[in-house]
Each structure stands twice: as structure tokens, then as C-alpha cells.
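Novice: Here's the feature list from TrEMBL:
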type: DOMAIN; residues: 25-174; note: domain 'APS kinase'
type: BINDING; residues: G32, L33, S34, G35, S36, G37, K38, S39; note: ATP binding site
type: ACT_SITE; residues: S106; note: active site, phosphoserine intermediate
Amino acid sequence: MSKHIIPHNYHVSKTDRVASNKHNSFLIWFTGLSGSGKSTIANLVERNLFQKGIKTYSLDGDNIRKGINNDLSFSPEDRTENIRRIAEVANLMVDAGLVVLAAFVSPYKKDRENIRTIVKDVNFVEIYINTSIEECERRDVKGLYKKARAGEIKNMTGISAPYEAPDNPNIEIKTENESIEDAVKRIVDYITPKLELKNE
Ligand SMILES: Nc1ncnc2c1ncn2[C@@H]1O[C@H](COP(=O)(O)OS(=O)(=O)O)[C@@H](OP(=O)(O)O)[C@H]1O
Ligand SMILES: Nc1ncnc2c1ncn2[C@@H]1O[C@H](COP(=O)(O)OP(=O)(O)O)[C@@H](O)[C@H]1O
């Protein structure tokens with residue numbers, strides 16, 4: 001090492017940040033079809049945590065695909081790059097001491113495995129919002145399925161592009177059988193012990 005490169009002795013570490021926040025930081029990842037309920041459930045989980053004083057931040061299509069990833073389409077390659085960049089951004093936020101909630105279709109298993117590698121297994125909670133394509137199409141929250149059926153949208157997940165369901169998610173929510181409130185409670189109950197700092 002050159003004598004001109006002085007090590008940073010006063011670096012603020014992740015350990016310092018989580019100690020200051022008084023809770024652990026990690027990434028809660030919601031995957032599922034468009035209209036499955038990812039954003040609805042993630043937003044309510046975030047509100048619940050935020051009201052308890054947890055430092056949180058949500059990443060979703062609105063703040064990512066309109067910003068840092070506005071150069072990406074819905075081709076398989078671009079979805080892979082979309083998820084990789086989101087995982088890298090989330091990793092920085094976890095390092096900054098935040099509980100990050102990310103809601104993305106993320107249809108490919110290999111891309112979700114890559115998130116696990118980027119943020120490290122212990123920092124990753126995978127939640128599968130399992131709603132059938134028939135129900136998502138019935139809800140058609142944004143009118144996208146109608147457009148996909150009319151051939152106006154190509155590569156629509158569940159219609160003309162695949163969705164690879166997780167084999168072993170930390171939590172699976174079947175929204176056709178479970179209310180929004182019950183799903184939020186189940187997720188918050190799962191997360192709460194993970195927030196606790198050990199060796200205090
Ligand atoms: N072709 C196609 N397939 C799936 N979804 C589409 C498509 N085109 C646009 N949209 C809208 O974009 C949102 C999905 O973006 P994501 O970044 O989550 O997708 S991915 O993870 O890269 O697959 C998704 O948002 P959500 O409905 O919130 O899931 C859709 O509203
Ligand atoms: N049990 C449930 N869990 C989540 N959403 C539900 C449920 N039942 C009905 N919905 C409705 O389904 C829609 C899901 O939309 P949204 O959360 O935007 O999905 P996504 O973010 O996956 O595209 C919302 O209108 C929501 O009110």
C-alpha cells in the first residue's frame with residue numbers, strides 16, 4: 001500500500017449504525033405476479049414497522065423503474081439487470097442500517113438467488129405473494145392484463161412470459177384465502193424477532 005493512502009480509522013460501520021438504530025437491518029423481498037398484492041401488503045408492513053420506530057425504506061417499480069432503471073424493458077435480460085441493480089441498491093441500504101422492503105415481480109429463480117448472494121443469505125427474507133393468474137387478471141388493477149390479451153403488451157408475466165414460483169420462501173401468502181390484515185400480521189410476527197440486536 002502506498003504511504004499516501006491513509007486508512008480511514010473513523011469509518012462508521014454497519015455495526016455502529018444498527019447499534020444506533022437499535023435494530024438489525026435486512027431486506028424483505030416480495031415476489032409475485034402483477035396485481036398479486038405485493039405493494040398493498042409491503043406498504044402496510046412498512047407502516048406497521050415505521051410506527052414502531054424502525055428505520056425503513058421501500059423500493060418498488062414506481063421509484064426504481066421510473067428512475068435508476070428507466071433504461072430497462074421487460075425482456076428476460078433487462079429483468080435480470082433490473083433485479084441485480086435493485087439488489088445492489090438494497091444492499092447499500094441494508095449496510096446503512098435500514099429495513100428495506102422491495103416489491104418486484106422478479107419472476108426468475110436465478111435472479112432471486114442472485115439477490116441472496118448480493119445481500120447475503122442472513123440479510124434476505126423472501127416472501128412469495130401467491131395469487132393465481134386468474135385472480136390477478138380478474139383484479140386487473142392497472143388494466144395491463146386486458147392490454148396483454150389484446151396483444152398491446154408483450155412479455156406480460158403470467159400471460160406471455162413465465163413466472164417461476166419460489167420452492168422454499170420464508171413466507172408464502174395465498175391472498176385468495178388470507179385477508180390483507182392477517183397477511184400483514186403474519187409477516188410482522190416473523191420479522192419482529194429478527195430485528196432484535198443480540199449481546200446488548
Ligand atoms: N410485461 C410486463 N410484465 C410484468 N409487469 C409489467 C409488464 N409491463 C409493465 N409491467 C408493470 O411493471 C411492473 C413490474 O415491474 P418489475 O420491475 O417488478 O418487474 S420485474 O421484476 O423486472 O419482472 C408491474 O407492477 P406491479 O403490478 O406492481 O407488479 C406492472 O405494473
Ligand atoms: N388478501 C389480499 N392481499 C393483497 N391484496 C389484495 C388481497 N385481496 C385483494 N387485494 C387487492 O389486490 C390488489 C393488489 O394490487 P397491488 O398491491 O398493486 O399488487 P402488486 O403490487 O403485486 O402489483 C389491490 O387492489 C388489493 O386491494
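Keep in mind that glycine also has a Cβ here, set from the backbone N, Cα and C atoms.
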Novice: Relative to the Cβ of G35 (ATP binding site), which residues of the same chain, six or more apart in sequence, are found under 8 Å away?
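Specialist: Residues satisfying the criterion: T131, C136, E137, R139, D140, V141, K142, L144, Y145.
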Novice: With a 10 Å radius around each C-beta, find which of these binding-site residues (G32, G37) has the fewest other C-beta atoms nearby.
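Specialist: Minimum Cβ neighbour count within 10 Å, taken over the binding-site residues G32, G37, occurs at G37.
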Novice: Filtering G32, S34, G37 (binding-site residues) by proximity to ligand 1: which pass a Cβ cutoff of under 6 Å to any of its atoms?
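Specialist: Near ligand 1, sequence order: S34.
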Novice: Since the record lists S34, S36, S39, S106 as recorded positions, which of them has the fewest other Cβ atoms within 10 Å of its Cβ?
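Specialist: Lowest Cβ count within 10 Å among the recorded positions (S34, S36, S39, S106) is S39.
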Novice: Tally every other Cβ atom lying within 10 Å of the Cβ atom of K38 (ATP binding site).
Specialist: 28
Novice: Using the alpha carbons only, what distance in Å do you get between S39 (ATP binding site) and S106 (active site, phosphoserine intermediate) once rounded?
Specialist: 13
